[in-house]
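If you look up TrEMBL, you'll see B:10, B:11, B:12, B:13, B:14, B:15, B:16, B:17 marked as NADP(+) binding site. According to TrEMBL, the feature NADPH binding site maps to B:106. Look at TrEMBL and you will find B:191 tagged as L-homoserine binding site. The feature active site, proton donor is assigned by TrEMBL to B:206. Taken from TrEMBL, the feature domain 'ACT' covers B:351-426.
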């Protein structure tokens, strides 16, 4: 083994700067763990003149990515530049050139993960991606090592910090979605274009990665059914609270009899559920294994240093593998053929908020429609709306299958005593 | 590599039976992960005639431990018999005989861990012990791999299910310690002799293991300051609740400037702290890393299948190492010399409940004593006790060092206006 391990970075934003800073500050511990020093040899950036929060010698910087990818002395490439298609080409080049890769890029792994892992294994290279899901939480290791003996049945994740921050603040302060989003943008918890976060796409990418790993099945982004939080109202959250629930944007991956469903949507959880206590920008992944039962991994889902910690932990794993001469060996092909559930196999409870005409017979018409689809009520709340001739009916159903629920939903929307279906959400985490 | 990996068990209680059951049921997944089948070849038990919850062929059973330890065909020994000194000898024999060992034995690892790991490394054998701390929670891996790049500053653990169950039920139902303990014993959540659990010894063993690993320093059981929960009263819990805190038996391991403290004691945490939501028999370990910030690992701390899952996950790691030919390589000597904090370096807040004579001047005498030790109040509550000439004063202090606090405590206990110090607890988890 080389007297030192040399690392090249592509990208030097907040995560990249954090990686450089940790490597510099924790040199002793790193050397102790892997038996040799680790140095950053070259860093590719777009703009050489930009100010950076870490000190890097200017002759180590380059604006030519190839200078890093083809440097014969570099052992490991750390990809923290982001992007999908061009980045895929860079990572492929690196792997084909015999370099190990550590990436923090969820977009890349969600879309091209299967291909990149295959190419890595073919070239006896490592490809690690702990930082791509839930920043500082070692959930990828949790699934691949810690729970390796178990059969994972269900993964529920709060894997997007922006939306969790927004929902937490809406609940705590009774504020509107728009007000909280604006505040979150000011504080840097939301992007100026928040679409990927608030519409659930970011969470969906992470759930595709977790489902692929947890179920040993090639689940792609297109397999994830996605709904964001932009239409959640403060009234919805108020009713949740009254009924003993917390609303979270939950990424759900579930397996029953070898068939899986993966979704991201605003979901009601009982207040006692471990995920209900995950507030603000924090992330958490709840895993239900056949043998282990309930476990949860909690921590910061983003941020320069937490994410950089995950990257450097991956780097440590690569360096250990290099020392042991076993790089790429641990990458596994999926065990199971991708098999998705049909709607009639997807079982859940639902929250519905209906605006109904406040007159005799309405309630009976609504309840008998539910009964005709064999959907019974777990909780029911009817509230007159002051000064109007309408009332609100809030329902939490017992379990039903999605096909049945969608049919019921359509009939409800056509029923003449129902003025509108104000909102509907999935309810999880109970018995 | 062998066409199959053969495992020998010593012990076949609840965890051992769980291990056999998981190996039998998850054979396909295990084979997929390690590339060859795994079989249980021989099991040593004390009593051959006892009924077992799993089916094992009778000619695989033996009551001679040596039959397993010296079986040339066995690759990995799973130690689930418990015990300390005799078990140490068995494990030493196994390692010296070239067998890898997986153990679920916290007592053994807390007392003889350093020696056993050294002998394992010398013999190029693996020694894994994930199940020894917090059952199904992969916290050993979390510290050794997931957070390997970070510098751990603080570990706070709810690592004993029995005491967490008791404190949860006392808080929720306002019941006394004795009543809840009796109920817990009936339900099987507490042993008939609960001493090791309720007096904090079990938690102390686990904290010694976690501190050793997290700080890369040889922390022994004797270094852990221990206080149990048997004197906690329902009144204490009621006051905690009123003041916005939850009481938990917290194992604390903290490092500042290279000096560490490790303790187990009933501790008040703010209700918003992630550990405050860990209820009943569940365990959780909260880790604060310099870079990653707050993370938490949550799950079942005991139980046949969760603990067995951890054992089999270790077995998978051993089998992967065998395939890669790198057994024993990952075991590291501690990096740092064991350096414990003195009392004056241990910084905390405290909760004190005093019974004071209810007359003019008392309050002033008490507060001026606090002031003379430079201990200020974060919260203060004085309540008259009906029909008596005494009042209760409940104090939560600001931060002070332990040496100072102990001096103040002594003076308080001598002060004539104080009838008694009813209780005192550490307060953690705030700013």
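Each position is counted from 1, following the chain as shown.
Glycine residues also receive a Cβ, built from the backbone N, Cα and C atoms like all the rest.
Overlay of TrEMBL annotations on the structure.
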{"residue": "B:10", "record": "NADP(+) binding site", "Cβ contacts under 8 Å, 6 or more apart": "B:43, B:44, B:65, B:68, B:69, B:77, B:78, B:79, B:80, B:81, B:90"}
{"residue": "B:11", "record": "NADP(+) binding site", "Cβ contacts under 8 Å, 6 or more apart": "B:44, B:45, B:79, B:80, B:81, B:82"}
{"residue": "B:12", "record": "NADP(+) binding site", "Cβ contacts under 8 Å, 6 or more apart": "B:20, B:43, B:45, B:52, B:56, B:80"}
{"residue": "B:13", "record": "NADP(+) binding site", "Cβ contacts under 8 Å, 6 or more apart": "B:80, B:81, B:82"}
{"residue": "B:14", "record": "NADP(+) binding site", "Cβ contacts under 8 Å, 6 or more apart": "B:53, B:303, B:304"}
{"residue": "B:15", "record": "NADP(+) binding site", "Cβ contacts under 8 Å, 6 or more apart": "B:80, B:104, B:131, B:304, B:307, B:308, B:311"}
{"residue": "B:16", "record": "NADP(+) binding site", "Cβ contacts under 8 Å, 6 or more apart": "B:9, B:43, B:78, B:80, B:81, B:308"}
{"residue": "B:17", "record": "NADP(+) binding site", "Cβ contacts under 8 Å, 6 or more apart": "B:52, B:53, B:54, B:304, B:308"}
{"residue": "B:191", "record": "L-homoserine binding site", "Cβ contacts under 8 Å, 6 or more apart": "B:162, B:185, B:197"}
{"residue": "B:206", "record": "active site, proton donor", "Cβ contacts under 8 Å, 6 or more apart": "B:106, B:110, B:132, B:133, B:134, B:157, B:159, B:160, B:251"}
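Of all the Cβ atoms in the protein chains shown, 23 others lie within 10 Å of the Cβ of residue B:106 (NADPH binding site).
Here the domain 'ACT' (B:351-426) returns a mean pLDDT of 93 for the predicted model.
Within 8 Å of the centroid of the Cβ atoms of B:10, B:11, B:12, B:13, B:14, B:15, B:16, B:17, where the record puts NADP(+), the same chain has further Cβ atoms from B:9, B:18, B:19, B:80, B:81. Broken down with DSSP, the domain 'ACT' (B:351-426) shows 24 helix, 34 strand, 18 coil. In three-state terms derived from DSSP, residue B:10 (NADP(+) binding site) belongs to an extended strand segment.
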